[in-house]
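A short worksheet on the structure shown next.
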Amino acid sequence: MTNLRKTHPLIKIINHSFTVLPAPSNISAWWNFGSLLGACLIIQILTGLFLAMHYTADTLTAFSSVAHICRDVNYGWLIRNLHANGASMFFMCLFLHVGRGIYYGSYLYKETWNIGVILLLTVMATAFVGYVLPWGQMSFWGATVITNLLSAIPYIGTTLVEWIWGGFSVDKATLTRFFAFHFILPFIITALVLVHLLFLHETGSNNPSGINPDSDKIPFHPYYTIKDALGLMLMLLVLLTLALFSPDMLGDPDNFSPAKPTQHPPHIKPEWYFLFAYAILRSIPNKLGGVLALLASILILLIIPLLHTSKQRSLMFRPISQTLFWILTANLITLTWIGGQPVEQPFIIIGQIASISYFLLIILLMPLAGLFENYMLEPKW
C-alpha cells in the first residue's frame, strides 16, 4: 500500500497534497478555514443535488415545489435547512479566511490570492442566483433590483438587463437560466479550488510570524488532518444547531410569501452576507456611482498586494496596523448592520461615513501605517 501511495498516478497527487505535504509547525486555527470551505462546498453540492431532484424551475410551481420538499420529501426539510444555512456557514468561513489572509500577509502569494478573489466573486454570484430560486417575494424583488443595476452601464445597460432577464421583466426565462447557473457554478468553483490549491502548493503555506518556515516543517498528516477534523466537527456542530433549532433565523420573513410582481415589499434587502456591499451601493445617491462602488468594494482585494508597504509580512508584530485592521473589521460589521436598515436618517449618513472609511482604511491608512512602522524600526543612533 505504501508503494501504491507513492507510485499510483492519482493517489500520488493526493499523497503529496494531503499526507506528506510539508506544513509550517506553527500555523494556528486560522489556517483551518481552507479545509472548512472545502467541506462547505461538498455539503452544498450534495444537498443541492438532492434539492434539484425535487425542485421545478417554473414561476408557477417553484415556490410550491420548495414547500413540497419541506413537507413531503423524506428529510427534505433537513436537506433544505442544511443547504440554506450551509450558505451562511460558507460565507462566514470565507470572510474569516480572507480576514486571515489580510492579517497575516498571505496576499503576497499573488497567484493564490487572485484566484481566491475570483473564487469569492464566483461564490457570491452562485449565492445570488440561488436565492432567487424559491421564488418568494424577496427572491423576486432581489433579482429585479440587483439585475436592474446593470442598466446603469452607459449605452448597453438596458439591452444587457433584458438579455439577462430573457424578456422585459424577471419571469420564467430568468428563473430557468438562474437555476442552470446555480447548478453549473459550484462545479466551476470546484475547478477553481483545485487551481487555488495548485498555486498554494507551489509556495507552501504562510504562517503567523510571516517569516520563511522552511527550516521547521512537519508532515500534514497526522498533525493537521486531526486539527482540521476538530475544526470540521465544531463547524458541523454550529451548522446543525442552526439548521435544527433556528433554521429561519438568517432568512427574510418576506420570502415565505410567493412572488407578487404587483406588490412591492416595504424594504428590499439581500441575505446577511451581502449587506456590507449593499450598504456601500446605497450610500451613493448616483446609480452608476453606486454600482462602481459595489464592484470596487470586492475588487479592491485585488490591489491589496500592491498596497503592502511594510518590511514585515504579518501584522503579528505591528500594533498600529493591527489597530487599523480591527477598525476595518468593526467598519464591515457596521456596514452589514446598515445594509439591513431602512433608507432614512441617521442610517444614511452612518452608511456614507462607513463606506468612505472602508476605502480610506484599505487604500490610504494601512499603507501609511506600514511605512510609519518601517520608520519606527530603523535605528535612530
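For all residues, glycine too, the Cβ spot is worked out from N, Cα and C.
It should be emphasised that the depicted structure is a prediction, and the values quoted were computed from it without experimental measurement.
Summarising the annotation, Swiss-Prot assigns transmembrane segment to 33-53 (among others) and lists similarity to another entry as the type of evidence.
The feature transmembrane segment is assigned by Swiss-Prot to 77-98 (among others). Within its own chain, the transmembrane segment (77-98) has Cβ neighbours under 8 Å at 30, 33-34, 36-37, 40-41, 43-44, 47-48, 50-51, 66, 69-71, 116, 120, 123, 127, 130, 235, 238-239, 242-244, 247, 250-251, 271-273, 301, counting only residues six or more beyond its boundaries.
Per Swiss-Prot, heme b b562 binding site is recorded for His83, His182, and the stated evidence type is similarity to another entry. Using a 10 Å radius centred on the Cβ of His182 (heme b b562 binding site) and all shown protein chains, the other Cβ atoms total 22.
In the three-state DSSP scheme, His196 (heme b b566 binding site) is classed as helix. Cβ neighbours of His196 (heme b b566 binding site) (same chain, under 8 Å, six or more residues apart in sequence): Thr112, Ile115, Gly116, Leu119. The heme b b566 binding site annotation in Swiss-Prot covers His97, His196, and the record cites similarity to another entry as its basis.
Look at Swiss-Prot and you will find 113-133 (among others) tagged as transmembrane segment, backed by similarity to another entry.
Feature annotation from Swiss-Prot assigns transmembrane segment to 178-198 (among others).
Following the DSSP three-state reduction, the secondary structure of His201 (ubiquinone binding site) is helix. The ubiquinone binding site annotation in Swiss-Prot covers His201.
Residues or ranges marked as transmembrane segment by Swiss-Prot on the basis of similarity to another entry: 226-246 (among others).
Nonlocal intrachain contacts for the transmembrane segment (288-308), taken as residues 6+ away from its ends with a CB within less than 8 angstroms of a stretch CB, comprise 98, 102, 105, 107-108, 110, 113-114, 117, 120-121, 124, 149-150, 152-154, 276-278, 280-282, 355, 358-359, 362-363, 366-367, 370. Swiss-Prot lists 288-308 (among others) with the feature transmembrane segment, giving similarity to another entry as the kind of evidence.
Residues 99, 102-103, 269-270, 272, 274-280, 282, 310, 347, 350-351, 354-355, 357-358, 361-362, 365-366, 369-370, 372-373 of the same chain, all 6+ positions outside the transmembrane segment (320-340), place their C-beta atoms under 8 angstroms from a C-beta of that stretch. Among the features that Swiss-Prot reports, transmembrane segment is placed at 320-340 (among others), with the record citing similarity to another entry.
According to Swiss-Prot, the feature transmembrane segment maps to 347-367 (among others).
The two recorded residues His83 (heme b b562 binding site) and His97 (heme b b566 binding site) have their Cα atoms spaced 20 Å from each other. Within 10 Å of the C-beta atom of His97 (heme b b566 binding site) sit 20 other C-beta atoms, taking all shown protein chains into account. Remark: of the binding-site residues His83, His201, the most isolated position is His201 (fewest other Cβ atoms within 10 Å of its Cβ).
Two recorded stretches are said to be in contact when at least 3 C-beta pairs lie under 8 angstroms, sequence spacing 6 or more; the transmembrane segment (178-198) and the transmembrane segment (33-53) meet this definition.
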